[in-house]
Amino acid sequence: MKKALHFGAGNIGRGFIGEILAKNGFAITFVDVSEEIIDALNEKGAYKIFLAGPEKEEQLITNVKGINNALEPEKVSAALVETDLVTTAIGPKILPKIAPLIASGIKQRKQAKKMRPLDVIACENMIGGSQFLRQEVYRYLDGPERAYADEYLGFPNAAVDRIVPKQDHTDPLSVTVEPFKEWVVDESQLKAPALKLTEVHYAKDLEPYIERKLFSVNTGHATVAYTGADLGYQTIKDAIKDPKVLQRLRAVLSETRALLLAKWDFSAKELEDYHQKIIARFENPYLSDEIVRVGRTPLRKLGYNERFIRPLRETFARGLNYQALLETTALIYRFDDPKDEESQKLASLLATRPLKTVISETTGLDPKKDHVLIEQLATCYLQHK
Ligand SMILES: NC(=O)c1ccc[n+]([C@@H]2O[C@H](COP(=O)([O-])OP(=O)(O)OC[C@H]3O[C@@H](n4cnc5c(N)ncnc54)[C@H](O)[C@@H]3O)[C@@H](O)[C@H]2O)c1
Ligand SMILES: O=P(O)(O)OC[C@@H](O)[C@@H](O)[C@H](O)[C@H](O)CO
């Protein structure tokens with residue numbers, strides 16, 4: 001049986017990546033720091049996925065086990081020597097933390113003279129996720145190890161799309177997911193094309209796909225979250241029933257749609273259908289997704305290449321409309337989740353530093369070059385009642 005090593009046994013890891021790997025005949029070793037999940041995987045060797053729809057269809061994923069990388073890091077590198085594929089769904093900020101483990105596995109593969117290709121696919125919500133992981137891994141490799149990795153290791157970028165909310169099953173492994181799913185991998189960066197997965201789309205150029213996904217699903221999702229939070233809602237499905245939220249979502253999607261149309265080879269009809277489908281996904285009555293999950297880590301979401309600042313910069317540069325994006329981005333500074341460290345850090349920055357400095361430092365916008373956007377964001381923030 002083929003072997004996959006997957007980092008991050010959380011919602012999307014079990015609820016999507018695990019499903020596809022299992023369907024493709026892989027035995028999966030999940031790596032995670034959650035003792036509860038890893039122990040349960042090793043005890044049961046299987047888990048269930050439920051589809052959030054009227055039928056509540058279920059699927060059993062078998063041939064799974066786990067390694068706790070906080071307790072047994074050496075087992076992770078040993079597993080990497082024997083694996084046929086590596087995937088991650090762990091969060092962009094955690095990738096640098098697992099890079100040394102992956103590097104150590106690569107060193108051992110080299111020592112064991114494994115002269116066969118291996119792809120490492122980061123399935124995170126970020127542009128260039130696998131290539132970012134590659135950079136982090138290479139920091140721990142010397143010259144000959146880098147040469148080995150150049151020859152045998154691929155880090156193809158990817159875009160993954162399936163809404164998997166926080167779970168409330170009594171069984172820690174069961175996971176409820178939306179029926180929709182899409183996984184796109186950059187074919188040009190594959191080292192082991194013989195291991196192409198069914199139900200995964202391989203694109204010659206991933207950029208249009210990742211931008212379409214991030215600036216539609218994720219910009220839209222976060223728009224519902226931050227607008228909904230501001231109006232006192234707790235869940236995405238409740239927030240989107242409010243006409244003010246839906247109107248803001250439509251306005252934001254129309255702005256990012258104009259940008260995607262200007263940049264890439266999508267047709268207007270294709271993008272309109274895609275956006276309509278996204279709205280229906282957010283409205284799914286069988287899925288309960290909390291606003292605090294979708295709005296989580298607001299400092300990450302304010303990043304220069306992230307779901308708001310990049311479309312803001314690019315619509316601005318192209319003379320396109322960006323008013324709804326601007327108003328929504330300003331709301332991120334008002335998002336308050338006492339359990340979210342980044343939300344609390346943002347509040348403390350706002351309390352102690354000048355507003356425009358905070359905007360510039362949190363978004364990476366340049367006070368000289370991007371002063372118009374910084375001014376406009378500050379005005380939106382201050383005018384908000
Ligand atoms: N949930 C979704 O709808 C969804 C959809 C598409 C993409 N994503 C992306 O997938 C990634 C994971 O999201 P998620 O929703 O599954 O989050 P999650 O919190 O459910 O899962 C993350 C897992 O990583 C584990 N983890 C954290 N630090 C670790 C470490 N140092 N070593 C090993 N394991 C560690 C956590 O214990 C957790 O089980 C994110 O990049 C997210 O943007 C999520
Ligand atoms: O995972 P984040 O924090 O980048 O974004 C939150 C949600 O928008 C996201 O997890 C979506 O549910 C997912 O990207 C759908 O494919």
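Note that Cβ sites are derived from N, Cα and C of the backbone, with glycine treated the same way.
Record features, source TrEMBL:
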DOMAIN    3-197  domain 'Mannitol dehydrogenase N-terminal'
BINDING   A4, L5, H6, F7, G8, A9, G10, N11, I12, G13, R14, G15  NAD(+) binding site
DOMAIN    205-363  domain 'Mannitol dehydrogenase C-terminal'
- Between G8, G10, which of the binding-site residues has the fewest other CB atoms within 10 angstroms in the structure shown? G10
- Residues that sit under 8 angstroms from H6 (NAD(+) binding site) by C-beta distance, when 6+ apart in the chain: G13, I17, G18, L21, I28, T29, F30, V31, V86, T87, T88, A89
- Task: According to DSSP, folded down to helix, strand and coil, what is G10 (NAD(+) binding site)?
- Result: coil
- Pick from A4, I12: which of these binding-site residues has the biggest number of other Cβ atoms within 10 Å of its Cβ? A4
- Query: What binding-site residues in A4, H6, G8, G10, I12, R14 place CB under 6 Å from ligand 1?
  - Reply: G8, G10, I12
